[in-house]
Amino acid sequence: MKILFVLISILYAVYCFSSEEDVDSAYLANELEPVEDINSEQYAALEPKEEQERSCADMGQDRKDDCDCCLNIATCNCWFGRYFCSCTFGDYQTCLRKKGKCKRNRPQSCPRSNLNRKKG
């Protein structure tokens, strides 16, 4: 049984190597036809466009001012004074401050927390 398995393995290996040589020789002789991409027209419109810089930054991205952060309650938090600034979560007061000073990315409305309301 082991001998039969070894013989079949050897025959298969010889077959694989001989078929690779046929394909390689045909490729080198340019006998193979080029493969046409069927979906080439479909993806022609999906070519990547040049990326434009956003006017605001998401949480964690580097920015220099509160007005550069996207969310209404986002604030620009800087370490060591003015270095390593990034957008982090702020509060209602942050939103009011942005509403007064920002000309771009100005908040339309400031969300109020439901924690301070009395129930009952």
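The backbone N, Cα and C atoms fix where each Cβ goes, and this holds for glycine too.
The signal peptide annotation in Swiss-Prot covers 1-16 and is backed by sequence analysis. What Swiss-Prot lists as domain 'Agouti' is 56-95. Sequence annotations record features per position, and here Swiss-Prot assigns disulfide bond to CYS56-CYS70, CYS69-CYS87, CYS78-CYS85 based on similarity to another entry.
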Ask   = Where does CYS87 (disulfide bond) sit by DSSP, helix, strand or coil?
value = strand
Query = Tally of helix, strand and coil residues over the domain 'Agouti' (56-95) according to DSSP?
reply = 7 helix, 16 strand, 17 coil
Inquiry  = Within 10 Å of its Cβ, which one of these disulfide-bonded residues (CYS69, CYS70) has the largest number of other Cβ atoms?
reply    = CYS69
Message = Going by Cα-Cα distance, which of the disulfide-bonded residues (CYS69, CYS70, CYS87) sits nearest to CYS78 (disulfide bond)?
response = CYS87
Cβ-based isolation winner (fewest other Cβ atoms within 10 Å) among the disulfide-bonded residues CYS78, CYS85, CYS87 = CYS78
